[in-house]
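*Asks:* Dumping the structure here so I can ask a few things about it.
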Amino acid sequence: MHSFGYRANALLTFSVTILAIMCTMGSLSDNFNNPTPTSEVQVLNINWFQKQPNGNDEVSLTLNVSANLQSMFTWNTKQVFVFLAAEYETPKNNLNQVSLWDGIIPSKEHAKFWIHTTNKYRFTDQGSNLRGKDFNLTLHWHVMPKTGKMFEDKIVMTGYRLPQEYR
Amino acid sequence: MGWIGESVDSIKSLQFRQVLTQVVSLGMIVTSALIIWKGLMCFTGSESPVVVVLSGSMEPGFKRGDILFLHMSKDPIRAGEIVVFNVDGREIPIVHRVIKVHERKDTGEVDVLTKGDNNFGDDRLLYAHGQLWLNRHHIMGRAVGFLPYVGWVTIIMTEKPIIKYILIGALGLLVVTAKD
């Protein structure tokens with residue numbers, strides 16, 4: 001009854017159970033955190049704006065992104081993946097999301113940042129609809145936990161417009 | 001040698017009723033594992049509710065050996081989500097992040113472009129030849145939860161099958177020789 005195997009089995013089962021409970025509680029504790037991030041984005045320059053030979057509009061922007069995401073870090077946060085997407089509607093598509101810049105924030109100390117950058121990924125439309133187009137810039141973040149459930153949210157910044165002419 | 005002798009004796013001393021009980025309990029273990037897996041499939045709506053990360057293309061978020069829990073709902077796919085997708089002509093599904101979405105107004109069909117967080121460029125090189133976008137039917141699910149390290153068990157068992165056979169053999173022997 002109380003053989004070595006029996007005791008080892010009981011000990012292993014018990015430790016795995018405790019570990020699972022601790023992981024679950026760690027993940028659940030994230031729900032008590034209400035992050036209040038802030039962000040501001042300026043389009044400093046339209047570097048160039050043209051129609052590609054295949055008929056799709058492409059634009060290159062210089063952006064100034066500043067954000068404070070410190071409030072979303074908890075003890076269960078491994079990293080925060082943050083990206084800035086241009087979002088707009090065209091006659092053919094009811095939603096276009098084009099990621100312009102992204103970054104990985106490894107710790108709370110790096111979560112208050114300021115960056116001056118051109119778009120990291122190509123801002124290309126499906127078609128030729130970008131002239132004079134109003135668009136939103138949305139800062140999305142995905143919180144990757146040490147264990148458990150992943151969280152995501154966003155800040156939508158409105159009122160950006162592309163020029164009427166190619167340049 | 002005494003241990004083997006005892007085992008042999010215990011196998012010899014088995015009675016029919018006891019063997020039957022052990023077969024039934026073994027069957028219970030196997031079927032309950034199957035029930036849990038199929039139940040998860042129903043619950044998450046994904047044909048593989050749990051995947052093991054096999055490459056380092058999503059580091060430092062997901063490392064090799066981590067486990068992801070998938071969910072496949074009717075919700076539209078949006079930029080930033082981590083999706084698991086199958087590319088035509090590739091057997092192993094890929095776990096990467098969506099960076100571009102174009103959703104059609106009339107049909108609701110989506111064009112999606114993905115990229116691994118740790119990769120330099122987007123995934124068009126991984127897609128089938130000439131394929132520019134992923135569509136809904138390529139996507140098996142989106143990652144909703146994360147558990148580190150546990151997937152190493154399956155990675156080790158796939159890469160070193162001998163360990164798998166030793167483990168199965170030992171467990172089987174244990175079940176057969178267990179007194180109660």
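Yeah, the Cβs are placed from backbone N, Cα and C, and that goes for glycine too.
Copying in the features that TrEMBL gives for the protein in this structure:
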type     : residues  : note
DOMAIN   : B:41-102  : domain 'Peptidase S24/S26A/S26B/S26C'
TRANSMEM : B:19-37   : transmembrane segment
TRANSMEM : B:139-156 : transmembrane segment
TRANSMEM : B:162-178 : transmembrane segment
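What does the local environment look like for each feature on the list?
*Replies:* For the transmembrane segment (B:139-156), the residues of the chain that approach it from at least six positions outside its boundaries are 44-49, 52-54, 62-72, 77, 81-86, 93, 95, 112, 163, judged by C-beta separation under 8 angstroms.
Away from its own ends, the transmembrane segment (B:162-178) comes close to residues 7, 10-11, 22, 25-26, 156 of its chain (Cβ-Cβ under 8 Å, at least six residues beyond either end).
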*Asks:* What mean pLDDT does the predicted model reach across the domain 'Peptidase S24/S26A/S26B/S26C' (B:41-102)?
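*Replies:* Residues in the domain 'Peptidase S24/S26A/S26B/S26C' (B:41-102) carry a mean pLDDT of 87 in this prediction.
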